[in-house]
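S.K.: The structure is given below, and queries will be raised subsequently.
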Amino acid sequence: WLSALEGTKWLQHLSVLLKSALLVVHAVDRDQRPVLVHCSDGWDRTPQIVALAKLLLDPYYRTTEGFQVLVEMEWLDFGHKFADRCGHGENSDDLNERCPVFLQWLDCVHQLQRQFPCSFEFNEAFLVKLVQHTYSCLFGTFLCNNAKER
């Protein structure tokens, strides 16, 4: 299992995301500099890094209410392509569009939560439930690519 995990480079992706978010945090908090985050097409890495940085910078986003606001603002309102990335939409057969971007971000949040459990108002069960419903299709929240479709 560990060999299979290593083959996916999942942990390397998480490490790069966390390091990138820390660069943003240091620039904003320590160096008092403005930051512009834009990665290739802007759909995938940008919300991962920005949402992680906000989570690290502002304790409000580590509350249940704040985390909900963060997901709505940086993922749903930003226009993350949930239908394409999760395989819910018309292009669900296009494997080139599928990518567990939101799941990677939630795993990064989980890693932070494990290191600093007292800093979060919500627990692992909350994150697991969020992952389940991202793919369950029970709610319209994560079914579409943008607010207009939703």
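Any Cβ shown, glycine's included, is placed from N, Cα and C.
From TrEMBL, for reference:
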SIGNAL    1-27  signal peptide
DOMAIN    1-150  domain 'Myotubularin phosphatase'
BINDING   Cys39, Ser40, Asp41, Gly42, Trp43, Asp44, Arg45  substrate binding site
ACT_SITE  Cys39  active site, phosphocysteine intermediate
S.K.: Taking 10 A as the limit, how many CB atoms besides its own sit near the CB of Trp43 (substrate binding site)?
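M.R.: Neighbour count, Cβ to Cβ under the 10 Å cut-off: 17.
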S.K.: Mind looking up the mean pLDDT for the domain 'Myotubularin phosphatase' (1-150) in the predicted model?
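M.R.: Mean model confidence (pLDDT) across the domain 'Myotubularin phosphatase' (1-150) is 92.
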S.K.: Give me the non-local Cβ neighbours of Arg45 (substrate binding site): same chain, 6+ apart in sequence, Cβ-Cβ under 8 Å, ordered along the sequence.
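M.R.: The answer is Leu17, Ser20, Cys39, Val101.
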S.K.: Going by DSSP assignments with H, G and I as helix and E and B as strand, what are the residue counts for the domain 'Myotubularin phosphatase' (1-150)?
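M.R.: Summed by class, the stretch gives 97 helix, 0 strand, 53 coil.
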